[in-house]
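Colleague: These came from TrEMBL, pasted as-is:
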type	residues	note
BINDING	VAL75, GLU124, ASP150	S-adenosyl-L-methionine binding site
DOMAIN	83-284	domain 'Ribosomal RNA adenine methylase transferase N-terminal'
REGION	37-65	region 'Disordered'
SIGNAL	1-20	signal peptide
Amino acid sequence: MWIPVAGLPLRLRLSALAGAGRFCILGSGAATRKHLPARNRRGLADSSPQLLPEPDFRNPPRKASRSSLDFKRYVTDRRLAETLAQIVCGKPNRPPHLLLECNPGPGILTEALLEAGATVVALESDKTFIPHLESLGKNRDGKLRVIHCDFFRIDPRSGGAIKPPAMSSEGLFKNLGVEEVPWTAGVPLKVFGMFPSRSEKRALWKLAHDLYSCTSIYRFGRIEINMFIGEKEFQKLMADPRNPSLYYVLSVVWQVACEIKVLHMEPWSSFDVYTRSGRLENTKRKEVLELLQQNLYLIQMTPRRNLFANSLTPMNYNTFFHLLKHCFGRRSATVMDHLRSLTPLDAADILMQIGKKEDEKVVNMYPEDFKRLFETIESSEDCTYKWLYDDTLEDM
């Protein structure tokens with residue numbers, strides 16, 4: 001079964017379990033090739049979809065020791081902090097959102113956010129910063145709360161007991177008095193911080209799964225993410241058919257899910273870098289020098305109110321992800337070739353319904369085209385089964 005059941009709300013969990021092993025998700029069906037009537041088997045490609053491995057959120061990459069690669073970036077320049085606070089908090093006359101600040105460290109930006117009128121919850125993973133951060137909240141009328149927590153370790157998928165700085169979203173939000181709101185309601189709160197410098201893609205994948213499944217922080221509504229991201233990952237995230245060499249699965253996943261805005265660009269050198277042993281003084285290391293030549297982009301990712309307005313749902317999103325992974329696995333192929341391996345439906349008819357030609361290439365499809373493609377297949381009534389998969393996938 002491709003959908004993660006453990007983190008689902010009860011009302012979704014039962015539906016997912018009911019479809020286990022049959023790939024039936026909220027009414028969408030799938031069949032192995034041997035189960036297809038003969039009339040549906042004609043014209044299908046010989047290749048069959050292979051389930052690509054989901055990203056492993058539990059084990060970090062082991063290309064080098066953690067001590068040599070792990071570092072955090074902090075805002076220590078007051079002028080930059082004031083600029084960022086004005087950007088994130090918006091106009092003074094707007095009602096302030098509750099703001100979760102990820103790993104504020106020395107608290108320079110925290111002070112600027114408070115002075116801009118924000119109500120801040122500082123989620124700090126390093127205990128050494130907590131006493132100083134708590135001192136910033138004095139005489140602030142409860143505008144600052146400090147919690148020992150790593151935002152990127154909320155609801156970890158490793159299983160077992162959750163120990164700080166990891167934390168469950170349910171416990172955190174209950175402690176903050178944040179309640180679930182409908183997806184179509186307004187933004188309940190904002191998150192501000194920086195993606196982990198060495199695991200940006202991992203963090204993006206975890207958040208994407210949480211968003212599409214409406215679990216973890218997104219169980220409480222359309223949480224707005226404001227994060228600094230590295231230049232290379234930013235270019236990939238914003239890519240589309242106009243820059244095909246950078247265009248990949250996460251580009252589609254996030255552009256379909258969110259309205260993405262670039263709020264600010266800042267050179268990497270504007271931030272202080274800290275490793276586990278303290279401030280990084282030696283900037284002559286090759287890996288640091290390469291980063292210092294790049295920019296960081298502050299992006300705002302607001303989930304779309306109409307994301308689940310049609311056939312895409314929190315119960316079948318994994319099928320959508322699989323379609324994307326299958327297509328970008330052979331990005332030079334035509335969409336027609338992929339559809340013949342993915343669905344028993346008439347591929348030419350599906351493409352015609354979304355206004356695409358039979359020779360349409362994968363890299364020429366915009367993110368919204370992929371969403372319309374998926375929803376057209378999901379809503380089709382031409383066949384009992386919508387999707388194909390190998391017998392081996394059932395065991396997996």
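Just so it is clear, glycine is given a Cβ too, placed from its N, Cα and C backbone atoms.
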Colleague: Rank the binding-site residues GLU124, ASP150 by how many other Cβ atoms lie within 10 Å of each Cβ and give me the one with the fewest.
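Modeller: Ranked by other Cβ atoms within 10 Å, the binding-site residues GLU124, ASP150 bottom out at ASP150.
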Colleague: If one looks at the chain holding VAL75 (S-adenosyl-L-methionine binding site), which residues at least 6 apart in sequence have a CB under 8 angstroms from its CB?
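Modeller: Counting only residues 6 or more apart in sequence, the Cβ neighbours of VAL75 (S-adenosyl-L-methionine binding site) under 8 Å are ALA81, LEU84, ILE108, LEU109, PHE271.
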Colleague: Can you give the mean pLDDT for the domain 'Ribosomal RNA adenine methylase transferase N-terminal' (83-284), rounded to a whole number?
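Modeller: Value for the domain 'Ribosomal RNA adenine methylase transferase N-terminal' (83-284), mean pLDDT as a whole number: 92.
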Colleague: Taking the residues the record says bind S-adenosyl-L-methionine (VAL75, GLU124, ASP150), how far apart in Å are the two Cα atoms that sit farthest from each other?
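Modeller: 17 Å is the greatest Cα spacing among the residues binding S-adenosyl-L-methionine.
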